[in-house]
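Report on the following structure.
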Amino acid sequence: MTTPTPYGNESTAAPVEPHRVLVLNSGSSSVKYQLLDMRDRSRLASGLVERIGEETSRLVHTPLTGGGGGAGPRERTGRIADHDAALKAAAEELAADGLGLDSPELAAIGHRVVHGGLKFSAPTVITDEVLKEIERLVPVAPLHNPANITGIRTAQALRPDLPQVAVFDTAFHTTMPESAARYAIDVETADAHRIRRYGFHGTSHAYVSRKTAELLGKAPEDVNVIVLHLGNGASASAVAGGRCVETSMGLTPLEGLVMGTRSGDIDPAVVFHLKRVAGMSTDEVDVLLNKRSGLVGLCGDNDMREIRRRIEEGDEQAALAFDIYIHRLKKYIGAYAAVLGRVDAVAFTAGVGENSAPVREAAIAGLEEFGLAVDAGLNAVRSGEPRLISPEYARVAVAVVPTDEELEIADQAFALVESLRPQGLGQVDN
Ligand code: AMP
């Protein structure tokens, strides 16, 4: 018989210091996961379950350095009914690689939680109270928090003994001053409905701004960085001495830059106009601005590779979409330079930022007066490493810094759990 321990059913084997973290990113119909070994921060496995609840569900599991590493991805297709089934399927795949979630080596499960409101400015061990607060925030994050909650509940059911840690997308932005965080609307109404600018992609902005300081050979406290997280969702942030002082997303991820399918900034009166004049419902406007706008609304494509290909072929609609995207980006770079006063680096990250040399070139072009320039040769280099792409003479460094939200979540979750261990938190003392 096995003996239950705080970390699962352990046999009589010598005690193992828990050192693995499972990172879960639960969307409404998908779950992404990664298992990391925090001794060397290596990745043991990663996977994605998509189209949960549909007949065409798919799980792709990739063993990495540990377990069955090197064997290549494995795929399962066919209906995966819900998040519970998705996580169980992922656990089976991990177990097949000798990385079962019942292992005493698992120290914590780190959850990406999109909205933490004002309450959560740091990673937090999930208790019933914490879960209630995440639930209370559903009205301001109706698309994201319910899926995150489902993921947490499912993981709790799987390993009720294990610390589950929430790492909030909004946390890094809670240092924004009120002048940046408040909208200029009636204060009572704003406060009654918790309307303010929260910002998102915080885990990425935190990681990239720190990595950029490292790339410059400086401490985060000593540098001011503009981070441009350009993925399908896109946001900018101004980070002064390691603290976020401004970011482009607001109450929801709709505000700010032009994105793959989101409009970013628009005059809010467009909404009244669409309702009054075009007869659209609130939900229709919501879908228009979140799903049918941005690059896809402007030219029919949201993949920057496809847009560049069309531009090469002389497609004017794609060229205009690109120009609008770049124009907005430049406006934010200029605005954030003004907010920061002194800029040491501009860092590009995420799918577009890491991979699209034309976007980086165009965004920085003409900003020489701000001390910014891009070296064409360096910009053309493809690499998964953080790197500088500005010429020697440039006053402000321009960098490409691949983001790693999973590693950041694992780091934060593990650090928290480790810090609690000596105090002997019920579920973590060993
Ligand atoms: P993310 O949300 O960070 O995964 O970024 C996804 C987006 O990155 C895609 O929609 C593409 O527009 C963009 N992307 C990915 N790979 C490339 C590439 N090689 N060149 C240009 N854009 C890319």
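Numbering starts at 1 and runs along the chain as it is shown here.
Glycine too: its Cβ is placed from the backbone N, Cα and C atoms.
All annotation found in TrEMBL is predicted automatically rather than curated by experts.
Since we're looking at a predicted model, the values are computed, not measured.
Per TrEMBL, the feature Mg(2+) binding site maps to Asn25, Glu405. Taken from TrEMBL, the feature ATP binding site applies to Lys32, His229, Leu230, Gly231, Asn232, Gly233, Asp303, Met304, Arg305, Gly351, Val352, Gly353, Glu354, Asn355. Taken from TrEMBL, the feature substrate binding site covers Arg112. As annotated by TrEMBL, active site, proton donor/acceptor applies to Asp169. Under the heading site 'Transition state stabilizer', TrEMBL lists His201, Arg262.
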Fewest-neighbour residue among binding-site residues, criterion Cβ within 10 Å, set Asn25, Asn232: Asn232
Greatest C-beta neighbour count within 10 angstroms, which of the recorded positions Lys32, Arg112, His201, Arg262: His201
The residue listed as 'substrate binding site': secondary structure state under DSSP, collapsed to three categories: strand
Per DSSP, three-state class assigned to Glu354 (ATP binding site): helix
Of the recorded positions listed as Asn25, Arg112, His201, Arg262, Glu405, the one whose CA lies nearest the CA of Asn232 (ATP binding site): Arg262
Entries of Asn25, Arg112, Asn232, Asp303, Glu354 (binding-site residues) sitting next to ligand 1, with Cβ under 6 Å as the cut-off: Asn232, Asp303
Mapped DSSP class for Arg262 (site 'Transition state stabilizer'), helix or strand or coil: coil
Among Asp303, Glu354, Glu405, the one of these binding-site residues whose Cβ has the fewest neighbouring Cβ atoms within 10 Å: Asp303
